[in-house]
């Protein structure tokens, strides 16, 4: 990295004094420094204590001009010139060493700031991610490439990942930022979210009644219709009853999950209906206008259990089971995806994604991994925060 022909003028005042018990003398002298320099840095990145660290010791400073003027005197006599030349020579030596030293210090502060910011971004509640580097980052003429662990931590447990299937050919070089995430990274996140009870949804009263105005080909069971129309506060509770599993391919992320639900009518403590389903859905994602969008297409829905606990009936007939299957497909899945869109967008906003100027983001599913690529503008607030911490 080279910065050529940088010109700057510094003005200030030197105050000095001397004295004794008889007399005190205070003096001040105005000065002006003209400088014109070239700066060259050959930065290197390495792995230091699990984090990206910078080495900018290969640094040079070339002075085209460095002149010191005292009291605005641009044509000093020989004595003043001798004095200013001596000061200028000393300043050159000090500046050369100090600037390169400070650049190295700031580079490491910046590297640490970026990584700690990324770690905070990937943390929420008891769920976090270890993104320590696994090898020394690489700097090329076009990009910086770094490899990170991507280990999900939940409370006192940490995920384990086998060998990575990443290869540089899986990325292009025409976008500013790329994130490569394998299924081995994403599945532990789903596991942690399931254990943390993140996949739960309660739908009550008017919203529930409105949802079931959707046209279904299957007749609505009498017990269901009575609950929606006659009870004061019907409530549907749904949750994942097993850990979801994700498998990415070029058509999207295929998610397999077991979902359970119960319908409560009024103030009953015993559910009117309990059901359990195995669902397979192909999901694709996109991000635009600072919002996350999810599209889903159910490929398999099996109702594995359906009972009426309040009536002590252990099994519904085939018509009622088909109603549940169709309701899950046409009402349940779209509703769950819309809630996930909203909640994930809120989480991204909470972590500061909406403060970035993200340009043309793309989420590209591939076999066993997903590539997220984009151009972006660095948010001003992060730069201000970095400078504040640097100057403390």
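Note that Cβ sites are derived from N, Cα and C of the backbone, with glycine treated the same way.
Database features (TrEMBL):
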- 59-100: disulfide bond (DISULFID)
- 171-374: domain 'Lipid-binding serum glycoprotein C-terminal' (DOMAIN)
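Under a cutoff of 8 A between CB atoms, and with a sequence separation of 6+ in the same chain, the neighbours of residue 59 (disulfide bond) are 39, 40, 41, 42, 99, 100, 103, 104. Under the DSSP three-state reduction, residue 59 (disulfide bond) is assigned to strand.
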